[in-house]
Amino acid sequence: MRHDHLITSKQLSRADIETVLDRAAEIAADPSAVADRYSNTLLGLLFFEPSTRTKMSFETAMKRLGGDVVDMGSVESSSVKKGETLADTVRVIEGYADALVLRHPKQGAATMASEFVDVPLLNAGDGAGHHPTQTLLDLYTIRENAGLDDLTIGIMGDLKYGRTVHSLAHALTNFDAHQHFISPESLQLPREVVYDLHQEQEGTQIREHDSLEEILPSLDVLYVTRIQRERFPDENEYQKVAGEYQIDAETLEKADDDLTILHPLPRVDEIAPEIDETEYAAYFEQAHNGVPVRMALLDLLLDGGESDE
Amino acid sequence: MRHDHLITSKQLSRADIETVLDRAAEIAADPSAVADRYSNTLLGLLFFEPSTRTKMSFETAMKRLGGDVVDMGSVESSSVKKGETLADTVRVIEGYADALVLRHPKQGAATMASEFVDVPLLNAGDGAGHHPTQTLLDLYTIRENAGLDDLTIGIMGDLKYGRTVHSLAHALTNFDAHQHFISPESLQLPREVVYDLHQEQEGTQIREHDSLEEILPSLDVLYVTRIQRERFPDENEYQKVAGEYQIDAETLEKADDDLTILHPLPRVDEIAPEIDETEYAAYFEQAHNGVPVRMALLDLLLDGGESDE
Amino acid sequence: MRHDHLITSKQLSRADIETVLDRAAEIAADPSAVADRYSNTLLGLLFFEPSTRTKMSFETAMKRLGGDVVDMGSVESSSVKKGETLADTVRVIEGYADALVLRHPKQGAATMASEFVDVPLLNAGDGAGHHPTQTLLDLYTIRENAGLDDLTIGIMGDLKYGRTVHSLAHALTNFDAHQHFISPESLQLPREVVYDLHQEQEGTQIREHDSLEEILPSLDVLYVTRIQRERFPDENEYQKVAGEYQIDAETLEKADDDLTILHPLPRVDEIAPEIDETEYAAYFEQAHNGVPVRMALLDLLLDGGESDE
């Protein structure tokens with residue numbers, strides 16, 4: 001992998017993705033081998049939006065590599081409130097850290113910020129833009145549970161606004177996956193995303209559905225996302241739609257025994273708690289996989305940086 | 001000590017308590033012996049309520065053992081705001097950490113959370129429920145200053161709402177202490193707590209008073225707690241009550257020379273600053289003792305965990 | 001250097017300042033020599049006011065020395081909200097840490113706090129009072145770029161309220177610098193500050209101006225500060241004044257080729273972005289210098305403490 005920054009999963013070739021996933025698997029198999037590898041390394045955390053799992057997972061990853069973090073803290077407690085530009089903030093903080101992680105509510109923020117810094121910058125979400133480390137941990141979890149070859153995946157829920165979904169769908173075209181998109185009409189994939197996906201691979205591999213039932217038996221993986229109440233002007237409308245896209249034991253009667261269920265979390269009620277203890281459920285494992293995947297990424301970017309200088 | 005989680009001091013036998021206090025004393029005597037013992041260990045901090053000293057003291061304890069922490073941060077900046085359940089939050093974060101510390105405003109939260117995780121979970125306060133590490137550091141400070149055998153202790157202030165007090169009183173029954181409870185009538189120990197204490201040991205060892213004066217000369221330890229202004233609908237009523245339960249040099253004229261004064265802190269005006277420099281005052285030492293006691297607990301739980309697997 | 005606490009740059013002699021700057025230069029030249037020097041050391045951070053760069057820079061400094069921090073967090077999440085005094089808070093937290101860093105909105109807070117603790121305390125800003133580590137990093141950056149001997153410096157912007165400016169101006173009298181103060185009349189240096197500066201060195205070396213133009217060609221260093229909008233009751237008045245004290249490429253046509261421009265950051269629009277890439281700009285370097293300078297200070301205070309005991 002030869003990149004200075006990680007801004008979008010679109011910049012990653014199939015070979016790049018496999019390099020990251022292979023390294024993550026090595027690290028997961030023997031974390032002690034890297035436990036002191038970056039003992040003098042500091043990762044700068046710039047989260048301009050709240051986040052629990054992405055931030056904690058990056059922090060854990062850096063610390064599991066023997067390093068440490070310096071955290072800008074919340075926007076309320078920072079110089080941003082005094083009118084400082086993002087370009088100035090990242091240029092100051094790069095003086096404290098060996099790499100930066102940025103989450104920002106504005107699309108394109110990570111690209112812009114990366115142009116001002118010399119240390120590696122990892123995009124941890126830029127509004128409606130990209131969130132490449134989420135995609136990589138999704139791919140890792142799919143590979144561990146179902147394999148990425150000959151994959152048939154259903155992606156269900158809010159497909160209109162979910163950057164996680166668009167990014168994952170795009171990455172899966174590298175592996176010629178059969179992708180089924182299941183959502184109410186009002187939350188379908190944006191037409192331009194569908195168009196892009198068709199450009200990337202044969203059209204027959206992308207299908208849209210408004211019900212899970214017909215397609216469920218053929219799925220290796222079902223990726224569920226949260227339907228956000230605030231998208232609906234009418235509470236009744238939300239209740240109707242949300243109820244149809246909830247998974248419980250009854251829903252899964254027609255599923256393949258080897259089905260793997262994923263969810264980027266947090267969930268509200270898209271997946272009933274009774275599923276948690278079944279063999280289907282891999283969403284907590286998926287969250288935990290954020291650590292080895294981000295360890296692998298940090299290792300590849302920091303190491304690459306070193307051999308570069 | 002053979003426990004997976006530490007939820008309440010009620011789960012600890014006298015032998016368990018002594019194991020923790022002995023280990024804490026060893027660590028306090030030679031902290032360098034354990035300074036790198038847990039160098040690859042991460043403690044997850046989940047504080048759903050503000051806290052300064054408990055949180056900093058756990059963080060210090062883990063770092064003094066060579067480890068590090070990953071902190072969920074405030075509820076405002078977390079996924080909890082998106083409607084995630086506590087069960088989901090702890091199951092995600094256990095993937096990042098080797099042990100968890102939980103503070104939560106709801107009684108029973110720690111017990112519930114502990115059922116969902118495989119790593120050791122330490123309760124750092126669950127609303128009106130328990131706060132066992134506070135009790136252990138109180139016991140440690142009493143033992144260091146006055147001994148736990150043949151102890152006569154006065155516990156004064158808000159005895160109605162203070163979980164610290166209930167938990168300490170219960171733990172002291174293991175040591176057959178003579179306990180005197182001093183409070184205004186409106187802030188007396190709840191009847192069920194008194195009942196429980198009488199069940200645990202001979203009734204003559206539990207006495208209630210509405211004034212410190214008569215009992216002060218016989219005390220080895222005086223444990224003072226804050227009377228919270230917000231408990232009183234009427235400011236005048238508060239002033240009258242609070243004034244009677246404040247300690248200053250004059251109050252202490254009749255005290256034994258060896259009296260030890262404790263307070264869980266923060267204080268407002270229950271203890272006059274003029275006491276701080278006297279031999280009586282042990283409340284800052286008490287706060288500092290949170291570090292070796294929590295180091296001992298972490299050591300016992302993490303070590304136990306290891307030999308278990 | 002023989003000090004227990006660092007409260008104000010006024011306590012530092014020229015020899016003290018040179019000791020710090022020399023040590024900072026050594027550390028900057030070879031940070032790996034000290035990377036594990038304080039591996040069992042904890043720095044307590046008490047920030048009663050928001051801060052990004054001062055706090056991150058202290059945290060980075062301690063971690064680059066191999067140590068770690070324990071952070072009180074925001075006032076909102078602390079015991080301060082329960083009415084605890086600063087004296088109590090610092091006495092509790094000194095039990096967790098080997099040194100303390102304090103920022104507080106009230107002038108004199110650091111002096112008061114230092115009287116209650118035995119570990120070294122560093123003032124990171126006490127309201128309108130002092131901010132000695134900022135002054136030291138300013139001096140370090142001036143020395144690296146222009147030298148401190150025979151220095152001619154212009155200090156421009158809000159000279160009335162800026163503690164940074166008062167502290168720097170005072171420290172520069174140790175080096176017999178020629179100091180030019182450039183500001184609108186309403187934001188001139190307070191008369192008592194001017195009086196003090198004249199007491200410290202020959203009067204001819206302190207001059208005040210209301211325009212940069214005439215003095216610019218003679219300057220080795222131009223130190224720019226932010227003019228705060230909220231100082232002006234009238235927006236038009238602000239716009240007029242602010243516009244006159246902004247630096248862009250045109251302004252600098254008459255500057256010496258070796259001019260160094262500094263700014264304590266954050267900036268709003270006092271310096272046009274087009275200056276950032278020129279040889280003049282040293283303000284990001286200045287922010288980064290906070291790390292070696294604070295490493296040097298911590299090293300001198302912690303080491304001094306050790307040999308003392």
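The backbone N, Cα and C atoms fix where each Cβ goes, glycine too.
TrEMBL: automatically predicted annotations, no manual curation.
According to TrEMBL, the feature carbamoyl phosphate binding site maps to A:R53, A:T54, A:R103, A:H131, A:Q134, A:L265, A:P266. According to DSSP, A:R53 (carbamoyl phosphate binding site) is assigned to a helical segment. Residue environment of A:R53 (carbamoyl phosphate binding site) contains 24 other Cβ atoms, counted within 10 Å of its Cβ in all protein chains.
According to TrEMBL, the feature L-aspartate binding site maps to A:K82, A:R163, A:R226. Counting every protein chain shown, 22 other Cβ atoms lie within 10 Å of the Cβ of A:R226 (L-aspartate binding site).
When averaged over the domain 'Aspartate/ornithine carbamoyltransferase carbamoyl-P binding' (A:5-144), pLDDT in the model lands at 94. The domain 'Aspartate/ornithine carbamoyltransferase carbamoyl-P binding' annotation in TrEMBL covers A:5-144.
What TrEMBL records for A:150-300 is domain 'Aspartate/ornithine carbamoyltransferase Asp/Orn-binding'.
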Work out, from DSSP, the number of helix, strand and coil residues along the domain 'Aspartate/ornithine carbamoyltransferase carbamoyl-P binding' (A:5-144).
-> 69 helix, 23 strand, 48 coil
Of the binding-site residues listed here (A:K82, A:R163, A:R226), which is spatially closest to A:R103 (carbamoyl phosphate binding site) when Cα positions are compared?
-> A:R163
Which value in Å gives the longest Cα to Cα span across the L-aspartate site residues A:K82, A:R163, A:R226 as recorded?
-> 35
A:R163 (L-aspartate binding site): tally of other CB atoms within 10 A of its CB = 17
So A:Q134 (carbamoyl phosphate binding site), by the Cβ count within 10 Å over all chains shown, scores 23
A:R103 (carbamoyl phosphate binding site), number of other Cβ atoms within 10 Å | 23
Among A:K82, A:R163, A:R226, i.e. the binding-site residues, the one with its Cα nearest that of A:T54 (carbamoyl phosphate binding site) is A:R163
Filter the binding-site residues A:K82, A:R103, A:Q134, A:R226, A:P266 down to the ones with a Cβ under 8 Å from chain C's Cβ atoms, keeping sequence order.
-> A:K82
Cβ neighbours within the same chain of A:H131 (carbamoyl phosphate binding site) - under 8 Å, at least six residues apart = A:T54, A:N123, A:A124, A:G125, A:R163, A:T164, A:S167
